[in-house]
Amino acid sequence: MEVLSAMCEALIPCLSAGELHASNGKEEPPSKDLHAFYLASGSQSPIPDEVAETMVKRGQKEGTFAVKIVLWILAFRLGTLVLCGSLSFCGEFPYISRFSDMSVERREKILKRWSRERVFIPLRMVFLLVRIVCHYIFYSMTDENSDNPSWKAIGYKQRPLHKGIIETRLLKDSSFLSALFDKGLKVNGGRLQDVYTVVDCDAVIVGSGCGGAVAAAVLASSGYRVLVLEKGEYFTTGDYTSLEGPSADQMYESGAIMATVDARVMILAGSTVGGGSTVNWSACIKTPDHVLREWAQEQRLPMFQNLDYYSAMAIVSERLGVTDGCLEEGFQNKVLRKGCQNLGFEVDYVPRNSSENHYCGSCFYGCRNGDKRGADTTWLVDAVEHGAVILTGCKAEKFIFESNQKEKKKEKKCVGLVARALNRDISNRIMIKAKVTISAGGSLLTPPLMLASGLKNPNIGKNLHLHPVSLVWGYFPESMAGELKGKKHEGGIITSVHKVRNGRVIIESSAMGPAAFSSLVPWVSGEDMKERMMRYSRTAHLFALVRDRGSGTVKEEGRITYTFDSKDKEELREGTRKALRILVAAGAEEMGSCKMGENEEEGGVDERGESWEAEGLFVCDGSVLPSAVGVNPMITIQSTAYCIAKGIVNYLSKELNAKED
């Protein structure tokens with residue numbers, strides 16, 4: 001190890017920050033971080049040990065063997081003379097130095113010579129192996145705070161969730177266990193270890209979208225150990241390509257090709273860290289007052305008219321950085337606004353979770369400039385900062401129930417869940433034991449999971465609302481552009497809204513790539529379709545969205561049925577006619593399916609979000625909403641999740657106090 005440490009020190013030597021800073025023509029004194037960076041050395045513990053371990057574990061056996069032989073030879077003076085030549089001579093008896101006794105400058109010269117070696121090729125191979133691994137370890141290893149002291153000095157910023165993310169797609173059985181340990185999770189052995197990897201925590205949350213992210217932040221900031229399972233993968237601004245095909249495949253449920261069983265309704269749902277908030281269209285509209293009155297009075301759920309709920313909406317809006325205006329609208333929203341103004345219709349700005357000058361038309365494939373503040377850059381960051389861990393590429397299979405000895409009204413008590421990594425290199429299933437289990441997989445995935453776990457409440461999987469939309473479009477040639485300049489895919493996706501007077505229909509603009517558009521517009525002939533596609537970039541797409549009375553069911557994953565109410569059909573027709581008038585004048589969200597109810601006959605969970613059948617099992621996503629919201633539901637889902645999560649904190653506190661008593 002002494003020779004390897006000396007080699008690492010020569011590759012990454014300790015230097016004088018002041019002299020180097022001045023030699024680069026910089027007058028201001030180097031910062032504290034820059035000083036630390038220049039003074040850091042490759043010989044500092046535990047870098048040489050990590051380098052050795054990595055080469056043994058990851059390196060090819062031939063290369064690793066060559067490194068071992070060279071290190072052994074360099075441990076002796078005669079061996080150093082053979083491999084280093086005249087650079088090994090020194091002025092004192094016995095006039096030959098061992099490699100590790102040489103000055104850093106001499107060792108550096110030797111490594112430079114090896115890097116150009118053309119005769120004794122194994123030396124060049126050894127140099128390359130040690131150089132690559134040493135630098136990789138130096139710039140990638142992190143301390144107990146998941147930080148690397150070099151990063152600030154070189155201007156590198158780690159991914160927002162780096163501290164708490166475990167990406168199973170990158171792991172195998174052996175590395176998976178060490179990854180769990182490294183993030184501070186408690187992993188148990190015992191008789192189940194050959195079948196399950198058993199993890200203990202206070203709260204396990206299925207899903208990292210609007211509901212799950214808020215719950216994770218609230219619980220983690222209250223001091224509880226939180227583990228979030230996410231079936232999708234983690235992407236950041238540098239990963240987003242805005243390419244329609246790959247983005248849809250990797251960030252949407254079923255690759256954005258999901259429909260009801262009869263194929264009458266196409267459905268979009270996010271499947272990535274942050275869930276729908278990562279790929280939605282940025283609209284942040286608060287729950288309308290008339291909807292809150294209906295839920296509180298007709299559905300007998302007073303939570304929705306409590307001050308706590310209004311406070312939750314304010315907290316959510318502040319955390320998302322919601323703004324009310326837009327400095328420059330894109331082509332489609334200009335069309336909507338101009339058409340409404342020409343007809344004398346009211347048109348409002350739509351609040352968004354981005355700055356007022358955010359001009360991005362591709363946020364539905366992830367916001368590339370990072371201006372949009374989804375759950376992945378807000379609530380989940382808060383959760384991770386307070387110790388939460390997010391396990392990606394991991395799918396929950398069933399909840400675990402035990403007989404409930406404490407509360408006779410509920411025969412079962414949920415004590416965790418069983419999940420599996422989608423990466424086949426991880427063979428064991430994962431058993432997560434928790435004091436509280438929260439299902440936040442959304443309206444399409446929470447009910448199938450609950451039913452697959454053996455819950456029987458007849459409301460689970462029913463009452464699915466989709467906010468069905470009817471799409472219209474109009475072509476505006478470049479020659480007619482005038483004030484309506486721009487392309488369809490440029491500018492904010494939703495910045496304007498017209499509310500139809502009946503209160504159940506709104507008209508907004510859509511985000512749609514060429515592939516999605518071509519699959520939805522009517523096909524008349526091959527020639528006609530190509531003509532339509534030639535006009536794509538100057539075709540404005542508007543949609544009428546109805547707050548649906550009709551509902552659907554989702555009892556099995558991927559099997560969705562939906563029935564239109566006759567009044568919904570008529571209101572959609574009215575909205576469609578109005579949208580067409582707007583175009584001429586200018587020149588499906590999913591919720592419900594496990595709704596709250598005053599009693600178990602009326603809902604799948606109670607007003608606190610807890611299952612009627614199993615203590616300790618909570619639902620914290622859009623599936624608990626009693627009916628359709630009638631507007632883009634992100635604020636409603638997050639505010640509801642915030643209230644439920646606060647209640648779960650109280651539940652956990654009582655559980656811990658009861659155990660102490």
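Glycine too: its Cβ is placed from the backbone N, Cα and C atoms.
What TrEMBL records for 201-216 is FAD binding site. If you look up TrEMBL, you'll see 249-469 marked as domain 'Glucose-methanol-choline oxidoreductase N-terminal'. Residues or ranges marked as domain 'Glucose-methanol-choline oxidoreductase C-terminal' by TrEMBL: 562-641.
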So, by DSSP, how many helix, strand and coil residues make up the domain 'Glucose-methanol-choline oxidoreductase C-terminal' (562-641)? 31 helix, 12 strand, 37 coil
Around the Cβ of Gly207 (FAD binding site), other Cβ atoms within 10 Å, all chains included, total 28
Which secondary structure state does DSSP assign to Ala203 (FAD binding site), in the simple three-class scheme? strand
Neighbourhood of Gly211 (FAD binding site), C-beta criterion under 8 angstroms, separation at least six: Ala440, Gly442, Cys620, Asp621, Gly622, Ile637, Gln638, Thr640, Ala641, Ile644
List nothing but the one residue from Ala203, Ile205, Ala213, Ala215 whose Cβ has the fewest other Cβ atoms within 10 Å; the candidates are the binding-site residues. Ala203
Counting other CB atoms within 10 Å of each candidate's CB, the least crowded of the binding-site residues Cys201, Gly209 is Cys201
